[in-house]
Amino acid sequence: MIKMPKLVEKTGSRPPWVGLAAAVWVQMSAGNASTFPLYSAALKLVLGFNQQQVTLLGVACDLGENMGLLPGYASNKLAPWAMLLIGVSSCFLGYGVLWLSVSQIVNGLPFWLLFIALVIATNSCSWFSTASLVTNMRNFPMSRGSVAGLLKGLTGISGAAFTVLFSVLLHHSASDLLLFLTVGIPVLCLAVMYFVRPCIPATGEDPSEPVYLAFLLGTSILLAAYLVVTTVLSEVYSLPSVLRYVLVAIMVLCLFSPLAVPIKMTLFRSNAQRSLPGSSDNLAKEEGESNQGEPLLITSTSDPNLGALFEEDDMEILLAEGEGAVKKKRKPRRGEDFKIGQVFVKADFWLLWFVYFLGMGSGVTVSNNLAQIGSRTLPRTLWMGAAQLVMVFTFLLFYMAIDHTIYVATALIGIGMGFQFLSIATISELFGLRHFGINYNVILLGNPIGATIFSALLAGYIYDKEAEKQGNPTCVGPDCFRETFLVLAGVCGLGTLLTVILTVRIRPVYQALYASGSFRLQPQSGGH
(Lines of atoms letter the chains of each structure in order from A; the text may use other names.)
(Lines give C-alpha, C1' and ligand atoms only; values in the text may rest on other atoms or scores of the structure.)
Protein backbone atom coordinates (compact mmCIF):
# COMPACT_ATOMS: atom_id res chain seq x y z
CA MET A 1 0.00 0.00 0.00
CA ILE A 2 1.38 3.42 -0.97
CA LYS A 3 1.41 5.77 1.99
CA MET A 4 1.22 9.53 1.92
CA PRO A 5 4.22 11.22 3.49
CA LYS A 6 3.63 12.31 7.06
CA LEU A 7 3.50 16.07 6.71
CA VAL A 8 2.03 17.34 9.95
CA GLU A 9 1.54 15.56 13.28
CA LYS A 10 -1.91 17.02 13.91
CA THR A 11 -3.46 16.80 10.47
CA GLY A 12 -6.83 18.50 10.42
CA SER A 13 -6.51 20.17 13.82
CA ARG A 14 -7.48 23.47 12.17
CA PRO A 15 -10.51 23.98 9.93
CA PRO A 16 -9.52 24.06 6.28
CA TRP A 17 -11.18 27.45 5.88
CA VAL A 18 -8.57 29.05 8.11
CA GLY A 19 -5.90 27.54 5.91
CA LEU A 20 -7.65 28.85 2.81
CA ALA A 21 -7.81 32.34 4.33
CA ALA A 22 -4.08 32.15 5.05
CA ALA A 23 -3.43 30.89 1.51
CA VAL A 24 -4.95 34.11 0.18
CA TRP A 25 -1.94 36.01 1.52
CA VAL A 26 0.47 33.36 0.26
CA GLN A 27 -0.99 33.56 -3.24
CA MET A 28 -0.79 37.34 -3.21
CA SER A 29 2.89 36.94 -2.32
CA ALA A 30 3.25 34.38 -5.11
CA GLY A 31 2.57 37.12 -7.64
CA ASN A 32 5.80 38.98 -6.84
CA ALA A 33 7.24 38.16 -10.29
CA SER A 34 4.63 40.48 -11.83
CA THR A 35 6.43 43.45 -10.28
CA PHE A 36 9.33 43.28 -12.78
CA PRO A 37 7.89 46.02 -15.06
CA LEU A 38 7.72 48.32 -12.01
CA TYR A 39 11.47 48.26 -11.35
CA SER A 40 12.90 47.26 -14.75
CA ALA A 41 13.26 50.93 -15.75
CA ALA A 42 15.38 51.50 -12.64
CA LEU A 43 17.60 48.57 -13.57
CA LYS A 44 18.16 50.16 -16.97
CA LEU A 45 18.72 53.69 -15.63
CA VAL A 46 20.71 53.13 -12.44
CA LEU A 47 22.79 50.19 -13.61
CA GLY A 48 23.24 51.42 -17.18
CA PHE A 49 21.75 48.34 -18.85
CA ASN A 50 20.62 48.37 -22.46
CA GLN A 51 17.23 47.11 -23.61
CA GLN A 52 18.60 43.72 -24.59
CA GLN A 53 19.98 43.18 -21.09
CA VAL A 54 16.68 44.23 -19.53
CA THR A 55 14.89 41.77 -21.82
CA LEU A 56 17.22 38.99 -20.67
CA LEU A 57 16.39 39.85 -17.07
CA GLY A 58 12.73 39.53 -18.02
CA VAL A 59 13.51 36.03 -19.26
CA ALA A 60 15.18 35.32 -15.91
CA CYS A 61 11.98 36.47 -14.21
CA ASP A 62 9.81 34.09 -16.28
CA LEU A 63 12.31 31.28 -15.86
CA GLY A 64 12.42 31.52 -12.08
CA GLU A 65 8.65 31.86 -11.73
CA ASN A 66 7.97 28.71 -13.72
CA MET A 67 10.78 26.43 -12.51
CA GLY A 68 8.42 24.36 -10.42
CA LEU A 69 9.63 20.80 -10.83
CA LEU A 70 11.58 20.85 -7.56
CA PRO A 71 8.70 22.44 -5.56
CA GLY A 72 6.32 19.97 -7.19
CA TYR A 73 8.45 17.00 -6.14
CA ALA A 74 8.95 18.49 -2.69
CA SER A 75 5.18 18.87 -2.17
CA ASN A 76 5.00 15.12 -1.46
CA LYS A 77 8.07 15.13 0.75
CA LEU A 78 7.93 18.32 2.79
CA ALA A 79 5.32 19.94 5.00
CA PRO A 80 3.71 23.11 3.59
CA TRP A 81 5.51 25.27 6.17
CA ALA A 82 8.86 23.90 5.01
CA MET A 83 8.06 24.73 1.39
CA LEU A 84 6.99 28.22 2.39
CA LEU A 85 10.22 28.62 4.34
CA ILE A 86 12.24 27.76 1.23
CA GLY A 87 10.22 30.31 -0.73
CA VAL A 88 10.83 32.92 1.95
CA SER A 89 14.58 32.26 1.81
CA SER A 90 14.78 32.54 -1.98
CA CYS A 91 12.66 35.71 -1.92
CA PHE A 92 14.88 37.33 0.72
CA LEU A 93 18.17 36.37 -0.93
CA GLY A 94 17.22 37.10 -4.54
CA TYR A 95 15.45 40.41 -4.08
CA GLY A 96 18.01 41.39 -1.44
CA VAL A 97 20.77 41.31 -4.06
CA LEU A 98 18.65 43.37 -6.48
CA TRP A 99 17.84 45.91 -3.77
CA LEU A 100 21.50 46.31 -2.81
CA SER A 101 22.35 46.93 -6.44
CA VAL A 102 19.50 49.32 -7.37
CA SER A 103 19.87 51.32 -4.14
CA GLN A 104 23.62 51.51 -4.93
CA ILE A 105 24.62 50.22 -1.53
CA VAL A 106 26.74 47.71 -3.44
CA ASN A 107 28.14 48.77 -6.81
CA GLY A 108 29.63 46.89 -9.68
CA LEU A 109 27.72 43.61 -9.41
CA PRO A 110 28.12 41.64 -12.65
CA PHE A 111 25.13 41.12 -14.91
CA TRP A 112 25.25 37.34 -14.59
CA LEU A 113 24.93 37.62 -10.80
CA LEU A 114 21.83 39.81 -11.10
CA PHE A 115 20.39 37.32 -13.60
CA ILE A 116 20.84 34.47 -11.13
CA ALA A 117 19.51 36.61 -8.27
CA LEU A 118 16.32 37.32 -10.21
CA VAL A 119 15.84 33.64 -11.03
CA ILE A 120 16.19 32.80 -7.32
CA ALA A 121 13.88 35.64 -6.27
CA THR A 122 11.04 34.79 -8.63
CA ASN A 123 11.40 31.06 -7.98
CA SER A 124 9.82 31.87 -4.61
CA CYS A 125 6.56 32.24 -6.55
CA SER A 126 6.65 28.57 -7.43
CA TRP A 127 7.31 27.48 -3.84
CA PHE A 128 4.55 29.71 -2.48
CA SER A 129 1.98 28.76 -5.11
CA THR A 130 2.68 25.02 -5.03
CA ALA A 131 2.48 24.86 -1.23
CA SER A 132 -0.86 26.68 -1.02
CA LEU A 133 -2.45 25.10 -4.10
CA VAL A 134 -1.57 21.50 -3.30
CA THR A 135 -2.56 21.82 0.35
CA ASN A 136 -5.90 23.51 -0.26
CA MET A 137 -6.94 21.36 -3.21
CA ARG A 138 -6.38 18.32 -1.01
CA ASN A 139 -8.34 20.00 1.78
CA PHE A 140 -11.25 20.75 -0.59
CA PRO A 141 -11.21 17.82 -3.06
CA MET A 142 -14.91 18.19 -3.88
CA SER A 143 -14.48 21.89 -4.77
CA ARG A 144 -11.03 21.75 -6.29
CA GLY A 145 -12.05 23.75 -9.36
CA SER A 146 -13.38 26.67 -7.33
CA VAL A 147 -10.42 26.59 -4.98
CA ALA A 148 -7.90 26.49 -7.83
CA GLY A 149 -9.69 29.33 -9.62
CA LEU A 150 -9.81 31.42 -6.45
CA LEU A 151 -6.14 30.98 -5.59
CA LYS A 152 -4.75 31.42 -9.11
CA GLY A 153 -7.04 34.41 -9.59
CA LEU A 154 -5.52 36.00 -6.51
CA THR A 155 -2.07 35.55 -8.01
CA GLY A 156 -3.25 37.60 -10.98
CA ILE A 157 -4.88 40.19 -8.73
CA SER A 158 -1.62 40.51 -6.80
CA GLY A 159 -0.08 42.35 -9.75
CA ALA A 160 -2.65 45.11 -9.30
CA ALA A 161 -2.12 45.08 -5.53
CA PHE A 162 1.63 45.54 -5.94
CA THR A 163 0.96 48.36 -8.40
CA VAL A 164 -1.25 50.10 -5.82
CA LEU A 165 1.47 49.78 -3.19
CA PHE A 166 4.07 51.03 -5.67
CA SER A 167 2.11 54.11 -6.75
CA VAL A 168 0.13 54.96 -3.60
CA LEU A 169 2.49 54.21 -0.71
CA LEU A 170 5.95 53.84 -2.23
CA HIS A 171 5.67 56.88 -4.53
CA HIS A 172 7.04 54.99 -7.56
CA SER A 173 10.31 54.21 -5.81
CA ALA A 174 11.89 51.07 -7.30
CA SER A 175 14.36 50.70 -4.43
CA ASP A 176 11.56 50.88 -1.85
CA LEU A 177 9.57 48.27 -3.80
CA LEU A 178 12.56 45.92 -3.88
CA LEU A 179 13.02 46.45 -0.15
CA PHE A 180 9.38 45.48 0.40
CA LEU A 181 9.87 42.38 -1.72
CA THR A 182 13.03 41.55 0.25
CA VAL A 183 11.57 41.98 3.74
CA GLY A 184 7.81 42.49 3.56
CA ILE A 185 6.84 39.34 1.68
CA PRO A 186 9.02 37.01 3.81
CA VAL A 187 7.57 38.47 7.01
CA LEU A 188 4.02 38.07 5.68
CA CYS A 189 4.55 34.43 4.68
CA LEU A 190 6.26 33.61 7.97
CA ALA A 191 3.24 35.05 9.78
CA VAL A 192 0.69 32.82 8.02
CA MET A 193 2.66 29.67 7.19
CA TYR A 194 1.53 27.83 10.36
CA PHE A 195 -2.09 27.94 9.15
CA VAL A 196 -1.43 26.54 5.66
CA ARG A 197 -1.59 22.89 6.63
CA PRO A 198 -3.36 19.71 5.54
CA CYS A 199 -6.74 18.89 7.07
CA ILE A 200 -8.93 15.80 6.82
CA PRO A 201 -11.48 16.57 4.09
CA ALA A 202 -15.14 15.90 4.73
CA THR A 203 -16.37 12.57 3.34
CA GLY A 204 -19.88 13.93 2.81
CA GLU A 205 -21.13 16.85 0.77
CA ASP A 206 -21.49 20.05 2.80
CA PRO A 207 -24.26 22.18 1.26
CA SER A 208 -22.71 25.33 2.74
CA GLU A 209 -19.34 24.82 1.06
CA PRO A 210 -20.41 26.14 -2.39
CA VAL A 211 -21.99 29.15 -0.65
CA TYR A 212 -18.80 29.97 1.23
CA LEU A 213 -16.68 29.57 -1.90
CA ALA A 214 -19.09 31.77 -3.88
CA PHE A 215 -18.64 34.42 -1.19
CA LEU A 216 -14.85 34.20 -1.49
CA LEU A 217 -14.96 34.34 -5.28
CA GLY A 218 -17.30 37.34 -5.09
CA THR A 219 -15.01 39.22 -2.72
CA SER A 220 -12.02 38.51 -4.98
CA ILE A 221 -13.90 39.98 -7.95
CA LEU A 222 -14.81 43.06 -5.92
CA LEU A 223 -11.18 43.35 -4.81
CA ALA A 224 -10.01 43.24 -8.44
CA ALA A 225 -12.47 45.98 -9.42
CA TYR A 226 -11.44 48.06 -6.42
CA LEU A 227 -7.74 47.76 -7.28
CA VAL A 228 -8.39 48.90 -10.85
CA VAL A 229 -10.29 51.97 -9.66
CA THR A 230 -7.66 52.76 -7.02
CA THR A 231 -4.83 52.48 -9.55
CA VAL A 232 -6.57 54.83 -11.98
CA LEU A 233 -7.35 57.37 -9.25
CA SER A 234 -3.78 57.37 -7.94
CA GLU A 235 -2.36 57.87 -11.44
CA VAL A 236 -4.82 60.55 -12.60
CA TYR A 237 -5.18 62.59 -9.41
CA SER A 238 -2.77 63.81 -6.76
CA LEU A 239 -4.27 62.22 -3.65
CA PRO A 240 -3.63 63.47 -0.11
CA SER A 241 -1.57 61.22 2.13
CA VAL A 242 -4.47 60.36 4.43
CA LEU A 243 -6.61 59.19 1.52
CA ARG A 244 -3.73 57.10 0.19
CA TYR A 245 -3.48 55.24 3.49
CA VAL A 246 -7.27 54.76 3.59
CA LEU A 247 -7.26 53.23 0.12
CA VAL A 248 -4.53 50.76 1.09
CA ALA A 249 -6.31 49.95 4.37
CA ILE A 250 -9.48 49.06 2.47
CA MET A 251 -7.45 46.74 0.25
CA VAL A 252 -6.01 45.01 3.31
CA LEU A 253 -9.47 44.59 4.83
CA CYS A 254 -10.67 42.96 1.61
CA LEU A 255 -7.80 40.49 1.85
CA PHE A 256 -8.88 39.62 5.40
CA SER A 257 -12.49 38.96 4.27
CA PRO A 258 -11.98 35.17 3.84
CA LEU A 259 -11.66 34.96 7.62
CA ALA A 260 -15.37 35.71 7.76
CA VAL A 261 -16.08 32.08 6.84
CA PRO A 262 -14.30 30.35 9.76
CA ILE A 263 -15.56 33.07 12.12
CA LYS A 264 -19.12 32.44 10.97
CA MET A 265 -18.62 28.69 11.31
CA THR A 266 -17.39 29.18 14.88
CA LEU A 267 -20.09 31.60 16.04
CA PHE A 268 -23.04 30.12 14.15
CA ARG A 269 -22.66 26.37 13.90
CA SER A 270 -25.07 24.57 11.58
CA ASN A 271 -26.33 21.03 11.99
CA ALA A 272 -24.61 20.05 8.73
CA GLN A 273 -21.26 21.19 10.12
CA ARG A 274 -21.78 19.23 13.33
CA SER A 275 -22.54 16.02 11.48
CA LEU A 276 -19.93 16.20 8.75
CA PRO A 277 -17.09 13.72 9.34
CA GLY A 278 -14.55 16.30 8.19
CA SER A 279 -15.85 19.17 10.33
CA SER A 280 -13.74 20.77 13.03
CA ASP A 281 -15.77 19.02 15.76
CA ASN A 282 -14.65 15.62 14.56
CA LEU A 283 -11.15 16.38 13.33
CA ALA A 284 -9.42 15.25 16.49
CA LYS A 285 -11.37 12.01 16.52
CA GLU A 286 -10.68 11.32 12.86
CA GLU A 287 -6.94 11.95 13.30
CA GLY A 288 -6.68 8.76 15.33
CA GLU A 289 -9.16 6.66 13.39
CA SER A 290 -8.54 7.53 9.75
CA ASN A 291 -6.06 5.63 7.65
CA GLN A 292 -3.56 8.17 6.42
CA GLY A 293 -2.32 5.76 3.79
CA GLU A 294 -5.57 5.82 1.81
CA PRO A 295 -5.72 8.13 -1.19
CA LEU A 296 -7.86 11.24 -0.86
CA LEU A 297 -9.78 10.48 -4.03
CA ILE A 298 -11.37 7.08 -4.54
CA THR A 299 -13.93 6.79 -7.27
CA SER A 300 -17.08 4.86 -6.47
CA THR A 301 -17.06 1.52 -8.23
CA SER A 302 -20.74 1.00 -7.49
CA ASP A 303 -21.84 3.82 -9.78
CA PRO A 304 -23.28 2.65 -13.12
CA ASN A 305 -21.60 5.54 -14.91
CA LEU A 306 -18.20 3.98 -14.31
CA GLY A 307 -18.91 1.32 -16.91
CA ALA A 308 -16.98 3.32 -19.45
CA LEU A 309 -13.94 3.30 -17.17
CA PHE A 310 -13.90 -0.16 -15.58
CA GLU A 311 -14.80 -3.58 -16.85
CA GLU A 312 -16.72 -5.95 -14.58
CA ASP A 313 -13.61 -7.96 -13.69
CA ASP A 314 -11.73 -4.77 -12.87
CA MET A 315 -14.54 -3.65 -10.58
CA GLU A 316 -14.37 -6.93 -8.70
CA ILE A 317 -10.62 -6.53 -8.33
CA LEU A 318 -11.08 -3.00 -7.03
CA LEU A 319 -13.59 -4.14 -4.45
CA ALA A 320 -11.22 -6.92 -3.41
CA GLU A 321 -8.42 -4.40 -3.09
CA GLY A 322 -10.59 -2.31 -0.79
CA GLU A 323 -11.08 -5.33 1.46
CA GLY A 324 -7.36 -6.16 1.43
CA ALA A 325 -7.84 -9.46 -0.41
CA VAL A 326 -5.45 -8.61 -3.22
CA LYS A 327 -2.66 -6.13 -3.67
CA LYS A 328 -2.91 -3.35 -6.16
CA LYS A 329 -0.64 -4.10 -9.12
CA ARG A 330 -2.44 -2.67 -12.11
CA LYS A 331 -1.65 0.72 -13.63
CA PRO A 332 -3.81 3.66 -12.49
CA ARG A 333 -6.72 4.80 -14.60
CA ARG A 334 -8.09 8.28 -15.17
CA GLY A 335 -9.24 9.88 -11.94
CA GLU A 336 -6.78 7.86 -9.84
CA ASP A 337 -3.35 8.92 -8.59
CA PHE A 338 -0.57 8.95 -11.21
CA LYS A 339 3.13 9.25 -10.54
CA ILE A 340 5.09 11.59 -12.79
CA GLY A 341 6.58 8.70 -14.81
CA GLN A 342 3.11 7.26 -15.38
CA VAL A 343 1.79 10.65 -16.45
CA PHE A 344 4.44 11.05 -19.13
CA VAL A 345 3.12 8.09 -21.13
CA LYS A 346 -0.50 9.28 -21.14
CA ALA A 347 -1.79 10.96 -24.29
CA ASP A 348 -4.31 12.98 -22.26
CA PHE A 349 -1.48 14.59 -20.29
CA TRP A 350 0.40 15.71 -23.39
CA LEU A 351 -2.76 16.95 -25.05
CA LEU A 352 -3.41 19.06 -21.95
CA TRP A 353 0.22 20.23 -21.93
CA PHE A 354 0.14 21.37 -25.54
CA VAL A 355 -3.22 23.09 -25.05
CA TYR A 356 -1.73 25.07 -22.16
CA PHE A 357 1.53 25.64 -24.07
CA LEU A 358 -0.26 27.04 -27.14
CA GLY A 359 -2.74 29.14 -25.17
CA MET A 360 -0.35 30.62 -22.62
CA GLY A 361 2.59 30.95 -24.99
CA SER A 362 0.60 32.99 -27.48
CA GLY A 363 -1.01 35.07 -24.73
CA VAL A 364 2.30 35.84 -23.01
CA THR A 365 3.69 36.99 -26.37
CA VAL A 366 1.14 39.80 -26.42
CA SER A 367 1.60 40.74 -22.76
CA ASN A 368 5.38 40.87 -23.19
CA ASN A 369 5.13 43.18 -26.20
CA LEU A 370 2.28 45.49 -25.21
CA ALA A 371 4.66 48.41 -24.83
CA GLN A 372 5.71 48.08 -28.45
CA ILE A 373 2.23 47.23 -29.76
CA GLY A 374 0.22 49.76 -27.82
CA SER A 375 -22.39 22.56 -16.49
CA ARG A 376 -20.03 20.55 -14.17
CA THR A 377 -20.24 17.39 -16.31
CA LEU A 378 -18.67 19.33 -19.16
CA PRO A 379 -14.90 18.87 -19.13
CA ARG A 380 -13.02 22.02 -18.24
CA THR A 381 -11.00 21.58 -21.41
CA LEU A 382 -14.12 22.57 -23.36
CA TRP A 383 -13.90 26.04 -21.82
CA MET A 384 -10.16 26.18 -22.50
CA GLY A 385 -10.88 25.46 -26.16
CA ALA A 386 -13.64 28.07 -26.31
CA ALA A 387 -11.24 30.62 -24.83
CA GLN A 388 -8.59 29.79 -27.40
CA LEU A 389 -11.16 30.18 -30.16
CA VAL A 390 -11.87 33.67 -28.83
CA MET A 391 -8.12 34.31 -28.83
CA VAL A 392 -8.01 33.40 -32.53
CA PHE A 393 -10.40 36.24 -33.34
CA THR A 394 -8.56 38.49 -30.90
CA PHE A 395 -5.25 38.00 -32.69
CA LEU A 396 -7.00 38.77 -35.97
CA LEU A 397 -8.27 41.95 -34.31
CA PHE A 398 -4.68 42.82 -33.41
CA TYR A 399 -3.66 42.04 -37.00
CA MET A 400 -6.19 44.49 -38.46
CA ALA A 401 -4.85 47.25 -36.13
CA ILE A 402 -8.16 49.12 -36.02
CA ASP A 403 -7.98 52.30 -33.95
CA HIS A 404 -8.83 51.97 -30.24
CA THR A 405 -9.32 48.20 -30.41
CA ILE A 406 -6.11 47.46 -28.50
CA TYR A 407 -7.88 47.87 -25.15
CA VAL A 408 -10.66 45.41 -25.98
CA ALA A 409 -8.21 42.98 -27.58
CA THR A 410 -5.85 43.12 -24.61
CA ALA A 411 -8.72 42.43 -22.21
CA LEU A 412 -9.82 39.44 -24.30
CA ILE A 413 -6.26 38.08 -24.31
CA GLY A 414 -6.16 38.33 -20.53
CA ILE A 415 -9.46 36.49 -20.21
CA GLY A 416 -8.29 33.81 -22.62
CA MET A 417 -5.07 33.31 -20.68
CA GLY A 418 -7.02 33.07 -17.45
CA PHE A 419 -9.14 30.24 -18.82
CA GLN A 420 -6.00 28.21 -19.49
CA PHE A 421 -5.54 27.86 -15.73
CA LEU A 422 -8.50 25.46 -15.80
CA SER A 423 -5.77 22.94 -16.56
CA ILE A 424 -4.92 23.02 -12.84
CA ALA A 425 -8.18 21.38 -11.78
CA THR A 426 -8.21 19.20 -14.89
CA ILE A 427 -4.88 17.56 -14.16
CA SER A 428 -6.00 16.78 -10.59
CA GLU A 429 -9.20 15.17 -11.87
CA LEU A 430 -7.44 13.05 -14.49
CA PHE A 431 -4.28 12.12 -12.59
CA GLY A 432 -5.20 12.47 -8.92
CA LEU A 433 -4.05 14.64 -6.02
CA ARG A 434 -1.32 12.47 -4.55
CA HIS A 435 1.31 13.65 -7.06
CA PHE A 436 -0.54 16.79 -8.11
CA GLY A 437 2.30 19.14 -7.15
CA ILE A 438 4.84 17.89 -9.67
CA ASN A 439 2.26 17.03 -12.37
CA TYR A 440 0.88 20.57 -12.16
CA ASN A 441 4.33 22.15 -12.39
CA VAL A 442 5.19 20.11 -15.49
CA ILE A 443 2.11 21.61 -17.13
CA LEU A 444 3.30 25.09 -16.12
CA LEU A 445 6.50 24.58 -18.11
CA GLY A 446 4.39 25.28 -21.18
CA ASN A 447 4.37 28.94 -20.11
CA PRO A 448 8.11 29.80 -20.36
CA ILE A 449 8.67 27.43 -23.29
CA GLY A 450 5.80 28.99 -25.21
CA ALA A 451 6.94 32.50 -24.31
CA THR A 452 10.49 31.74 -25.46
CA ILE A 453 9.41 30.29 -28.81
CA PHE A 454 6.63 32.71 -29.69
CA SER A 455 7.82 35.89 -27.97
CA ALA A 456 11.61 35.90 -27.81
CA LEU A 457 12.21 34.04 -31.09
CA LEU A 458 9.19 34.58 -33.36
CA ALA A 459 8.02 38.05 -32.34
CA GLY A 460 11.57 39.31 -31.79
CA TYR A 461 12.74 38.12 -35.20
CA ILE A 462 9.79 39.64 -37.07
CA TYR A 463 10.12 42.89 -35.11
CA ASP A 464 13.84 43.25 -35.93
CA LYS A 465 13.19 42.41 -39.58
CA GLU A 466 10.54 45.13 -39.89
CA ALA A 467 12.76 47.62 -38.05
CA GLU A 468 15.55 46.88 -40.54
CA LYS A 469 13.16 47.59 -43.41
CA GLN A 470 12.35 50.96 -41.84
CA GLY A 471 16.03 51.71 -41.39
CA ASN A 472 15.63 52.32 -37.64
CA PRO A 473 16.59 50.34 -34.53
CA THR A 474 13.00 50.73 -33.31
CA CYS A 475 10.08 49.50 -35.38
CA VAL A 476 7.05 51.79 -35.64
CA GLY A 477 3.56 50.91 -36.84
CA PRO A 478 1.25 47.89 -37.04
CA ASP A 479 3.51 46.02 -39.47
CA CYS A 480 5.92 45.29 -36.61
CA PHE A 481 3.67 42.48 -35.36
CA ARG A 482 1.25 41.70 -38.20
CA GLU A 483 2.90 38.43 -39.17
CA THR A 484 3.28 37.47 -35.53
CA PHE A 485 -0.44 37.87 -34.91
CA LEU A 486 -1.31 35.70 -37.90
CA VAL A 487 0.98 32.94 -36.63
CA LEU A 488 -0.47 33.22 -33.12
CA ALA A 489 -4.01 33.00 -34.51
CA GLY A 490 -3.01 29.75 -36.20
CA VAL A 491 -1.39 28.52 -32.98
CA CYS A 492 -4.58 29.10 -31.00
CA GLY A 493 -6.56 27.44 -33.78
CA LEU A 494 -4.40 24.35 -33.31
CA GLY A 495 -4.89 24.62 -29.56
CA THR A 496 -8.66 24.69 -30.07
CA LEU A 497 -8.47 21.52 -32.16
CA LEU A 498 -6.41 19.75 -29.49
CA THR A 499 -8.92 20.70 -26.79
CA VAL A 500 -11.72 19.17 -28.86
CA ILE A 501 -9.76 15.92 -29.13
CA LEU A 502 -8.96 15.94 -25.41
CA THR A 503 -12.56 16.77 -24.45
CA VAL A 504 -13.90 13.81 -26.45
CA ARG A 505 -11.35 11.50 -24.81
CA ILE A 506 -12.04 12.50 -21.22
CA ARG A 507 -15.77 13.28 -21.25
CA PRO A 508 -16.67 9.77 -19.94
CA VAL A 509 -14.43 10.51 -16.95
CA TYR A 510 -16.37 13.65 -16.10
CA GLN A 511 -19.70 11.92 -16.57
CA ALA A 512 -18.61 9.25 -14.10
CA LEU A 513 -16.95 11.48 -11.54
CA TYR A 514 -19.72 14.09 -11.45
CA ALA A 515 -22.70 11.88 -12.29
CA SER A 516 -24.48 12.74 -9.04
CA GLY A 517 -23.49 16.41 -9.13
CA SER A 518 -20.39 16.15 -6.95
CA PHE A 519 -17.00 14.49 -7.07
CA ARG A 520 -16.78 10.89 -5.78
CA LEU A 521 -14.61 10.77 -2.69
CA GLN A 522 -15.30 7.41 -1.11
CA PRO A 523 -17.03 4.21 -2.12
CA GLN A 524 -20.70 4.30 -1.24
CA SER A 525 -21.70 2.31 1.78
CA GLY A 526 -24.85 1.57 3.59
CA GLY A 527 -24.15 4.16 6.17
CA HIS A 528 -23.82 6.99 3.76
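Backbone N, Cα and C define each Cβ position, glycine as well.
No curator has checked TrEMBL annotations; they are predicted automatically.
Quick look at what TrEMBL annotates:
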COMPBIAS  273-282  compositional bias 'Polar residues'
DOMAIN    385-510  domain 'NFD4 C-terminal'
REGION    273-298  region 'Disordered'
TRANSMEM  78-102  transmembrane segment
TRANSMEM  109-129  transmembrane segment
TRANSMEM  149-170  transmembrane segment
TRANSMEM  177-196  transmembrane segment
TRANSMEM  211-233  transmembrane segment
TRANSMEM  245-263  transmembrane segment
TRANSMEM  350-370  transmembrane segment
TRANSMEM  382-400  transmembrane segment
TRANSMEM  406-428  transmembrane segment
TRANSMEM  440-463  transmembrane segment
TRANSMEM  483-504  transmembrane segment
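Counting C-beta pairs under 8 angstroms (sequence separation of 6 or more), the transmembrane segment (406-428) fails to reach the transmembrane segment (177-196), with fewer than 3 such pairs. Only sequence-distant pairs (6 or more apart) were considered; of these, at least three Cβ pairs between the transmembrane segment (149-170) and the transmembrane segment (211-233) are under 8 A, so the stretches are in contact. Beyond its flanks by at least six residues, the transmembrane segment (211-233) meets 17, 20, 140, 143, 146-147, 149-150, 153-154, 157, 160-161, 163-164, 167-168, 239, 247, 250-251, 254-255, 257-258, 260-261 of its own chain at Cβ-Cβ distances under 8 Å. Summed and averaged per residue, pLDDT over the domain 'NFD4 C-terminal' (385-510) gives 78.
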